[in-house]
Amino acid sequence: MDATTSGTPTIQYHNIPDQPITAIVATPLPSFQRQQRHCFGDSTPGEFPLSANPSIVLHVLTACNLDSQDLAKLEATCSFFRQPANFAPDLDLSLSELAALDMCQKRAIFKPMTAEQQQDLKQKCGGSWKLVLRYLLAGEACCRRENSQAIAGPGHSIAVTSKGVVYSFGSNSSGQLGHGTTEEEWRPRPIRTLQGIRIIQAAAGAGRTMLISDSGQVYAFGKDSFGEAEYGVQGSKTVTAPQLVESLKNIFVVQAAIGNFFTAVLSREGRVYTFSWGSDGKLGHHTDPSDVEPRPLLGALEDIPVVQIAAGYCYLLCLACQPSGMSVYSVGCGLGGKLGHGSRTDEKHPRLIEQFQLLNLQPMVVAAGAWHAAVVGRDGRVCTWGWGRYGCLGHGNEECESVPKVVDALSNVKAIHVATGDYTTFVVSDDGDVYSFGCGESASLGHNAGNDGQGNRHANVLSPELVTSLKQINERVVQISLTNSIYWNAHTFALTESGKLYAFGAGDKGQLGIELVANQTERGHPERVDIDLG
């Protein structure tokens, strides 16, 4: 209802920005009628008086798993949902706030927090349990936290089942598969030493792997290094089995991201910490390159919770959650305009990418390729920026873009997921279709031209094209992962809703999890990996 036309004074709440209330309530009703008939009841036979049974209403709100937007709309349209409900643990909380708190308590990373930690997170998110719920759900959605996932690392691969069991395969020269050896594995093999530990998130870099458990502990193996991944400057020692990262024992970690010169982790409270690459202040701190102590990312994000981090070759993107909405910050090397600020200068501290406000786009997922970046908005639009080589930005050319630009060729597609690699981009739509564009080396784009399936599969693609080979598997794709390294031939994973994993691209080290025949070094057509992640 439009308060300005009804005469009702405007009231401010902890609402989450979305469409105006006039777009939600189709038929305006007088406020007294709405309150009496729909909330408090009257003598009319058969009418259900909600105020007499608020516990039932609370149960329904919680059981329906409404998101923060839905709860905010309830508060905005009906006073019954915004007045104190007189329920423990806080008698002053409204029903919608209590419902949000109940749903927060169901989240694995929120449940073990002390009451003081929960209150601290509430204040950091903006003083509302609805905003805390939005923060938790956003992190789960963009990182597939607690869901099955596959990681196409540089030469080796990691797969995590929905129950937290980890499989690894591919190159193993530094022990990055975690099996206690340095022998290659051409088939998915479970990491036995992790038995009894539930893994919720994984990250793979050149010669090393990081795994995060549901208790926030971080296990690492492979090169004993957090920086200079592909030059061999550090990490002369190799670790062939998962080891607890001692320097992170006092931080409850929920995500890790491995760049070429640095590693970053994200805490449960939304704080970002980085390792290495601090000798010249590239990430805002001055440390020895071999330093293995995590350093908090200083600057604008010190008091703003971050829900996702993404590491490129030499830069970091952070998806932040604020009361006014979601936003993206960038820090690191600015060559090619990949920081998104309209220039090519470096940033030593996180800086807000302002272009999304001008585009009226709420970022929901970020992806950092080696030299370019991408974002999916709440409305399904896709933006890309940075180096445009091979057409990896999807704008029909190879030009650089120094600020986020909407991919017009995807205007009829509602995207839910985006993945980036070395000059390569994949987009997943809400109906499970997959589009790819950019560098076609190693057949990692999944496009096969010609009846023999071998025709121009290495061609570069300047605009998004439907990956018809994935369409033919008749499964809804929910996640794409591709190699994000400039030194390794790329391979790609497609994970379906039912937990089936398909692989294509380079497989010369066994990283596809599929045995190749004769002199094959790659697979151009998606092939099922013999593993069930569901």
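Keep in mind that glycine also has a Cβ here, set from the backbone N, Cα and C atoms.
Whatever TrEMBL says is automated annotation, not expert-curated.
Under the heading domain 'RCC1-like', TrEMBL lists 148-482.
The repeat 'RCC1' feature in TrEMBL is assigned to 164-215 (among others).
In the predicted model, the repeat 'RCC1' (216-269) has a mean pLDDT of 82. Marked as repeat 'RCC1' by TrEMBL: 216-269 (among others).
Annotation comment: TrEMBL describes 270-322 (among others) as repeat 'RCC1'.
The repeat 'RCC1' annotation in TrEMBL covers 326-379 (among others).
Per TrEMBL, the feature repeat 'RCC1' maps to 380-431 (among others).
The repeat 'RCC1' feature in TrEMBL is assigned to 432-498 (among others).
Per DSSP, the secondary structure of the repeat 'RCC1' (499-534) breaks down as 0 helix, 18 strand, 18 coil. TrEMBL lists 499-534 (among others) with the feature repeat 'RCC1'.
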DSSP-derived helix, strand and coil totals, residue by residue, for the repeat 'RCC1' (164-215): 3 helix, 24 strand, 25 coil
Chain residues outside the repeat 'RCC1' (499-534) and at least six past its termini with a C-beta under 8 angstroms from it: 148-150, 152-153, 155-157, 159-162, 167, 169-171, 184-188, 442-444, 446, 448, 453-454, 457, 469-470, 473, 475, 482-483, 488-493
